[in-house]
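Heads up: the structure comes next, in structure tokens.
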Amino acid sequence: MNILKSLISLSLITFISRILGFMRDLLIAYSFGASGITDAFFLAFKIPNLFRRIFAEGAFSQVFIPILSEYKNNKNIELTRNFISNILGLMIIILSLFTAFGIYFANDIVKICAPGFINSHEKLYLATKMLKIMFPYIFFVSLGSLTGSILNAWNYFSVPAYSSIFLNLSMIMFISFVTAYFNPKILSLAWAVIVGGVFQILYQFPYLKNINMLIFPKFNILNLGVLKFLKQIGIVALGMSVNQVSIIIATISSSFLISGSISWIYYSDRLVEFISGIFGVSLSTILLPLLSKSVNNINIKEYSRLLNWALRLVCILVIPSIIILFTLSESLITLLFKYGAFTYNDVIMTKNVIEFYSIGLLPFVLIKILLAGFYSIRNVKTPMKISIFILVLTQLMNIFFIKYFQYTSFALAISLASWINFFLLYRKLCQSEFFIPSTNWLRFLLKIFAAAMVMLILLFINKNLILSANTHSIFFKILRLFYICASSGGGYLFTLFCLGLRFNHFYLKSYKY
């Protein structure tokens, strides 16, 4: 398998999905702005997404894929099918109970996550109503994660990536054509989430049938694979939930601040997740099955080679992205969201959050790579312990910063904590018997730093010359931003080329650790 080709393909699909996500957010911003009702929607939307990141994209896939990889490589097909069938049965039971619990206690969950809403009847009512509608999304997206993990184990990386497009398409269609039939109109978004969740899982069924893995559920908790899964899932879920608890605490704080705070944080998250999704999620998705295979084959050299390759590739790609995001944040937000009810004040408020998030964007992505390294060697306790420490540290910093930075305090706190998180994880992984760190990191980083400085100079020159011209044409705005990014990015790549870095160095077959 050509890993770099798979990564480019997966990143391109993720890019398309994120662009559709921006179109979705543009329509939301145009239709509803950044107000109390959008705060209610984004809170209600955030809660199932927090649990999705814990159960679906987080703990589940990190534990399930290494065990499935072991079955696929070392067991026969019937044992593998039986393991998947029992995991499916277990998930359906747990998710059904959890969904029923969430719907029944929706009002209490909203009050816990956003106590500031208690004083606003409209916000509380809308958030509760929309949460009841959207909570089943956890059920569908978690089952979609199961099917996606199976397909990833068979190297069908692009199929699960395409499934995320359905949520964005559903919301775009509902905003464009169905909103008028709802009162209040924003309720249409909640139903769009459910429709998108259903299509996310149905779309993958034909591909499961192609690999003979479209299986009916069973329930045997004594299955050896299931027992191994249950032994690890609790620890990983705890570690994954720590980050989400941190976000919930930040949401609680934001609910007491000026109206629109939750919305500004949401829109800034979208831009940050655009970069982390294209590079971090795509790379870790491909990396985890490959690392698990190298561990199952007791191939430490290949394991180290994969991790070192991924870490260096992240640095090459993410550092220039951070520079662009930080330097052009106001222009990007204006282009993406400043329409209709979304005002210039909303642009500035969102920009302030993005600038603090940019500080921690590189470790955000690097941590995803390191976690794949830990989970592939079945070390789930170390990331969990570190994440608990980081949770406490983040909240202490947030308490200190909120007095000075208000709604941007959490972005600053989590960015600084992410650097500490990265260094702790990297140090622990270097101490393991599996990972041999790459040499010449300092020389490599100095080359990137030099290229980044050239890029930054070009960005400022182009920004002052080109962005000073006022225009109301969206096409011209897109064109000039594309030119600024392309010319500055070209300078970055040319500098790296002059310093001796070549694209073919990152073909994995020729990469040396």
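Counting begins at 1 with the first residue displayed.
Placed from the backbone N, Cα and C atoms, the Cβ positions cover glycine too.
Listed in Swiss-Prot for this protein:
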TRANSMEM  25-45  transmembrane segment
TRANSMEM  83-103  transmembrane segment
TRANSMEM  133-153  transmembrane segment
TRANSMEM  162-182  transmembrane segment
TRANSMEM  186-206  transmembrane segment
TRANSMEM  221-241  transmembrane segment
TRANSMEM  245-265  transmembrane segment
TRANSMEM  271-291  transmembrane segment
TRANSMEM  313-333  transmembrane segment
TRANSMEM  354-374  transmembrane segment
TRANSMEM  382-402  transmembrane segment
TRANSMEM  405-425  transmembrane segment
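Counting same-chain residues at least six beyond the ends of the transmembrane segment (405-425), those with a Cβ under 8 angstroms from any Cβ of the stretch are 246, 250, 253-254, 257-258, 261, 264-265, 268, 349, 352-354, 356-361, 363-364, 366-367, 370-371, 374, 382-383, 386-387, 389-390, 393-395, 397-398. Listed as Cβ neighbours of the transmembrane segment (382-402) (distance under 8 Å, sequence separation of 6 or more from its ends, same chain) are residues 235-236, 238-240, 242-243, 245-246, 249-250, 253, 371, 374-375, 409-410, 412-414, 416-418, 420-421, 424-425, 428.
Under the criterion of 3 or more C-beta pairs below 8 Å, with sequence separation of 6 or more, the transmembrane segment (221-241) and the transmembrane segment (83-103) qualify as touching. Ranked by number of Cβ pairs under 8 Å to the transmembrane segment (133-153), the listed stretches 25-45, 186-206, 271-291, 354-374 are led by 186-206. When each of the listed stretches 25-45, 271-291, 313-333, 354-374 is scored by C-beta pairs under 8 angstroms to the transmembrane segment (186-206), 25-45 comes out highest. By the count of Cβ pairs under 8 Å, the stretch nearest in packing to the transmembrane segment (245-265) among 25-45, 162-182, 271-291, 313-333, 354-374 is 25-45. Distant neighbours of the transmembrane segment (313-333): 267, 271-272, 275, 279-280, 283, 347-348, 350-351, 354-355, 358, 361-362, 365-366, 369, 444-445, 448, 451-452, 455-456, 459-460, 463, 467, 477, 481, 484-485, 488-489, 492, 496, 501, 506; these residues of the same chain sit at least 6 beyond its ends, with a Cβ under 8 Å from one of its Cβ atoms.
Counted as Cβ pairs under 8 Å, contacts with the transmembrane segment (162-182) are highest for 25-45 among 25-45, 271-291, 354-374. Sequence-distant contacts of the transmembrane segment (271-291) (same chain, at least 6 residues past either end, Cβ-Cβ under 8 Å): 3, 6-7, 10-11, 14-15, 17-18, 21-22, 57, 61-62, 65-66, 69, 152-153, 155, 157, 160-161, 303, 306-307, 310, 313-314, 317-318, 321-322, 325, 329, 332-333, 336, 354, 357-358, 361, 364-365, 368-369, 371-373, 375-377.
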